[in-house]
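*Asks:* Residues or ranges marked as domain 'ABC transporter 1' in Swiss-Prot: 12-240. Annotated ATP binding site per Swiss-Prot: G44, G45, N46, G47, A48, G49, K50, S51, in sequence order, evidence recorded as sequence analysis. Annotated domain 'ABC transporter 2' per Swiss-Prot: 264-503, in sequence order.
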Amino acid sequence: MQTSDTRALPLLCARSVYKQYSGVNVLKGIDFTLHQGEVHALLGGNGAGKSTLMKIIAGITPADSGTLEIGGNNYARLTPVHAHQLGIYLVPQEPLLFPSLSIKENILFGLAKKQLSMQKMKNLLAALGCQFDLHSLAGSLDVADRQMVEILRGVMRDSRILILDEPTASLTPAETERLFSRLQELLATGVGIVFISHKLPEIRQIADRISVMRDGTIALSGKTSELSTDDIIQAITPAVREKSLSASQKLWLELPGNRPQHAVGTPVLTLENLTGEGFRNVSLTLNAGEILGLAGLVGAGRTELAETLYGLRTLRGGRIMLNGKEINKLSTGERLLRGLVYLPEDRQSSGLNLDASLAWNVCALTHNLRGFWAKTAKDNATLERYRRALNIKFNQPEQAARTLSGSNQQKILIAKCLEASPQALIVDEPTRGVDVSARNDIYQLLRSIAAQNVAVLLISSDMEEIELMADRVYVMHQGEITHSALTGRDINVETIMRVAFGDSQRQEASC
């Protein structure tokens, strides 16, 4: 039986943690504490040091100095195996599953014999409301389900310290509520949770304490109930931010190439009764100079539709018209040359070559247009142009994409798509897992792109994002678009959610 003194000990106490990369101080004497049964939310801007701190706690990266006190014992450094033995589990922002193994094999992989319990796994699946076929390949899951599998892996390991990095980034509101219910059950058993997120309403809903990191330090820390939203946002982004791109940024962002210019409102991409894997009888028109929102719950068929438009999946019926010409039989490369560009939702597995240089990644879609040999100087100049336009933070063009923060990786992916001179740009979850500051940058960027008469199809599970950004909105429900486009005052979160859940009655906007 534990004494009161033992119970009072924090699960985790990081003291004076320092870390440096290539002479740059990433962490500057961080102190961070997590108690039993507590959710401690960790926020911060792009490159604030959140991921580095969590990697040190999880044993992935060693600290230069400082100590970790876990269960009353001090450690100068940990390995991943040792961290697991101490009950620490990091659920990454980008799920790291074995795609060729089954869901069951992924959940049980690496477990000690005493933790191998099929009944326990089935109970957890039922508690989370997961309808998985355990024998299906993990590679067949969408991002939201892969996130759930990662969380299950941590819970199956009897983790006492659970680190969740943007766990709800790809979850629907219903899935988020289900996850939070399960987390509350874990908290009741004494588990402590570090919750990394940029969604302030969710943080206020679940977190007991909040710490904000900025420039490698803790800029703000306290009880959630005692911190105002203004305090938190000011701590994350102290500098005054512009509401639109500066004139200099707009100059650098002028799209390259001899891209055909369409008049505003000209149909660029038209879908006529499309049917494919995960959707059926979808019709819509995307016009030049507009941002068309495509909303819906996870599993509604939006990503499947986008991948079919780009030629990554087989079209079973209907016609795709780009600039008035049918492109059904064209390859992905041919569609790209015609001006159809796709930004996928999973930047790490589908969007970027993480081991290639930043300059190579930005120019990856246009290399074949420049001849057989890569032109390093030209690639570097292209990267520099987008660095100025998008505020991308990096040290040198040759560094690998995997060395950047998630927000900067997303900006590199956007730059890659823009360099292909799009006429129609499909962006799937463009702000998933990026910080408040970078999210604002991306919003400004999308508006600037549309202002150059590019037709933008915005796919997002964030209904507030759709409301903020879209000129018109279509909502998919179970693979179909059952309503005409929402416009004007009908573009609001409540109406979008009603349609997404299959409500046939559209609620009128209030006066």
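Note that Cβ sites are derived from N, Cα and C of the backbone, with glycine treated the same way.
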*Asks:* Across the domain 'ABC transporter 1' (12-240), what does the pLDDT come to on average, as a whole number?
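*Replies:* Mean per-residue confidence for the domain 'ABC transporter 1' (12-240): 86 out of 100.
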*Asks:* What is the Cβ neighbour count of G45 (ATP binding site) at a 10 Å cut-off, with all protein chains included?
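*Replies:* Step by step: centre on the Cβ of G45 (ATP binding site), count other Cβ atoms within 10 Å, giving 24.
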*Asks:* With every protein chain in view, what's the tally of Cβ atoms within 10 Å of the Cβ of S51 (ATP binding site), excluding that atom itself?
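*Replies:* The answer is 21.
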*Asks:* If you count the other Cβ atoms within 10 Å of each Cβ, which of the binding-site residues G44, G49 comes out on top?
*Replies:* G44
*Asks:* Taking DSSP as the reference, which of helix, strand or coil describes G45 (ATP binding site)?
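*Replies:* DSSP call for G45 (ATP binding site): coil, neither helix nor strand.
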*Asks:* Return the residues near K50 (ATP binding site) by Cβ distance under 8 Å, restricted to its own chain and a separation of at least 6 in sequence.
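*Replies:* For K50 (ATP binding site), the qualifying residues are L42, L43, G44, I196, M213.
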